[in-house]
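Features of the protein shown, as given by Swiss-Prot:
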type: COMPBIAS; residues: 357-379; note: compositional bias 'Low complexity'
type: COMPBIAS; residues: 383-397; note: compositional bias 'Basic residues'
type: REPEAT; residues: 514-526; note: repeat 'LRR 2'
type: REPEAT; residues: 527-551; note: repeat 'LRR 3'
type: REPEAT; residues: 697-724; note: repeat 'LRR 6'
Amino acid sequence: MAAPEAWRARSCWFCEVAAATTMEATSREAAPAKSSASGPSAPPALFELCGRAVSAHMGVLESGVWALPGPILQSILPLLNIYYLERIEETALKKGLSTQAIWRRLWDELMKTRPSSLESVTCWRAKFMEAFFSHVLRGTIDVSSDKRLCDQRFSPLLHSSRHVRQLTICNMLQGATELVAEPNRRVLETLASSLHTLKFRHLLFSDVAAQQSLRQLLHQLIHHGAVSQVSLYSWPVPESALFILILTMSAGFWQPGPGSLPCRLCGEASRGRAPSRDEGSLLLGSRRPRRDAAERCAAALMATRRKSEVKQVPRALPTSRVTRRSTQESLTIGGTDSKRELYPPATSYEASGTKQPSSAPTAASSSTSSKRAPASSVSQPKPLKRFKRATGKKGPRTRQGSGAESEDLYDFVFIVAGEKEDGEEMEIGEVACGALDGSDPSCLGLPALEASQRFRSISTLELFTVPLSTEAALTLCHLLSSWVSLESLTLSYNGLGSNIFRLLDSLRVLSGQAGCRLRALHLSDLFSPLPILELTRAIVRALPLLRVLSIRVDHPSQRDNPAVPENAGPPGHIIGDEEIPENCLEQLEMGFPRGAQPAPLLCSVLKASGSLQQLSLDSATFASPQDFGLVLQTLKEYNLSLKRLSFHDMNLADCQSEVLFLLKNLTLQEITFSFCRLFEKRPAQFLPEMVAAMKGNSTLKGLRLPGNRLGNAGLLALADVFSEDSSSSLCQLDISSNCIKPDGLLEFAKRLERWGRGAFGHLRLFQNWLDQDAVTAREAIRRLRATCHVVSDSWDSTQAFADYVSTM
């Protein structure tokens, strides 16, 4: 009897609230009301008045509201503001109540945008709160404009931050300064545990303060947080310093900015333990390699150049270059800016005018010393070389604030030119001191190595339409060579050009690192100095552990491009005629430029990819049907694990016998022929042959034929696949964009009913001519839904008039 008594007690409490609310409403009605042009409105219902009163006093009544019976609570939920509605979610679920419809209505009324049709919203509360956080942060929504958003007892940012899984920073880094401000410290701490994806869109030039705020934000969210993915979109003219800052922070490198306070979390983590020589390798984790000499020196340079008003003296030309073998080849191939030369920077004692040290420290070991170039007879050690910024300015200049910060970032990048591959020591010309191998950094006035730290890094990096200059490409390549935590890399329309050779070099070095986790690479661009198949071979050789490779080149390669110095070809270690070693590819997607492709090159990749499960060829053209048949024969012999095969925008009108070979001999689960002109020639003869092959194929589960001008006759012929004498297990059929009319679809539905095969899965009917007879189309779809799940649309078939004329 305890539960009914509690229920009655809560009901009585609610009645008391109702009575008080009624008296308050009656007293207000007794007061003279203002005249209204629309006339007096109907008085609200008693229950609604009670709900409003409860909602207005939730600060006092919250615990009582949570204990209300389900039917009463269900009527109060739509009257609560978003803060209490979010807080009561768990209680509502326990009582069997859902708030999803309320959150959806709030989205429609307040956000006033419609989600993408491709987006499947599983939780409208999380979606609303995430969008609400972004709008409040950017100042695009006024919380005081709607009582459902305004409550003095709650902070909009703090309350919604725990629902944020994806944050977008736009334009001039709006929101970064607000998030790192002290009043929002708890907001940032919550974001550090909830945020997984950080996106940058349409970035513009930003000031020093904004970049410093971004530095602190990235340090908190990536190094001490849970962010695992960073994506950059649509940045036509990247600001070098900002771009390099985002990349280096994403890779786990951290140096406090000039004048910034020490990181509280870093202090807590390092409190109570003494720094050691292996500090860098400990921060990398057990699976990450220790930083090499060039990287440590670059990080040390970043720490020492935070001095204001430090003048540089005019630089002399270097007597020897700091080179890496593969990088030097790349520079020879890709060329360098004629205005950019290698200049040695002034060391700290040269820049400040102080006296240099009287002696240089000894090398770390005899074996290390023996690999170095002979030291100069001059007793004074020469400064470390680096690239000069492409500003066109020479001579002394004052470095202050952002200038020093920008120089530090460039120092970090271009020291990479001195890194030797395969673990070899660096040749520093006449600098014989052991600074670069970490033996004594003080010989160049650098701090101890412990001043530079590397923290947690992201696992997914995406660059969409972000042109990469030579400096930016060098930055990316250097970071990639030791970025062992990276699992997925997407480079889309970045204008790499000849920098693709540097990228391949860095990926090859990364693949050799212990614990390398890169398993997915998505690469697309307008042009490539290598033909797409040679580029694919080079990538597969460089990354034998890759699981997913998606590559697209829109325009043909030009080997005789005058931009390549002396018409030099690619390095011999990047392309070659030797056999491709066995790899771990499971998914391969290729988008080809116009022009016939050499089938043997594609076959060589397929032969080395015995684990391939999914293959997609887009716009591929072969010299003859025999070449296409050679590819299919290779798939049959070497790719026994292949489950999904897709062809898009390929002219297969002359490859009908090869298509029949595919259907009869490959044990696939899904085949896609998208806009392949499959039935353009001999449809009356080819369709029955194709249907017969499919009826005997018991492994095929999905067939996609969009854009092949199937028509009513072809659809009715295809219906025979589901006849009683068929052994086909087809359960997914896509016949979108196939000039199908309502009467043909109705007859197709009747045949399926006649054979009584039962539900066979999904049927897609997008962009067909079903609007020519709406009644017949509805009847056909009604009959089909008894057999399968139908997905269609209300497409205007007049848009396909040109296609109709071409089939007459």
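Along the chain as shown, the residues are counted starting at 1.
Backbone N, Cα and C atoms are what each Cβ position is placed from, and that goes for glycine too.
Cβ atoms under 8 Å from those of the repeat 'LRR 2' (514-526) belong to residues 286-289, 459, 484-496, 507, 539, 543, 545-555, 591 of the same chain, restricted to positions at least 6 beyond its ends.
Per-residue pLDDT, averaged along the repeat 'LRR 2' (514-526), amounts to 96 for this model. When DSSP labels each residue, the repeat 'LRR 6' (697-724) comes out as 12 helix, 3 strand, 13 coil, counted as helix, strand and coil in that order. When the repeat 'LRR 2' (514-526) is classified with DSSP, helix, strand and coil residues number 0 helix, 6 strand, 7 coil. The DSSP breakdown of the repeat 'LRR 3' (527-551), given as helix, strand and coil counts, is 11 helix, 4 strand, 10 coil.
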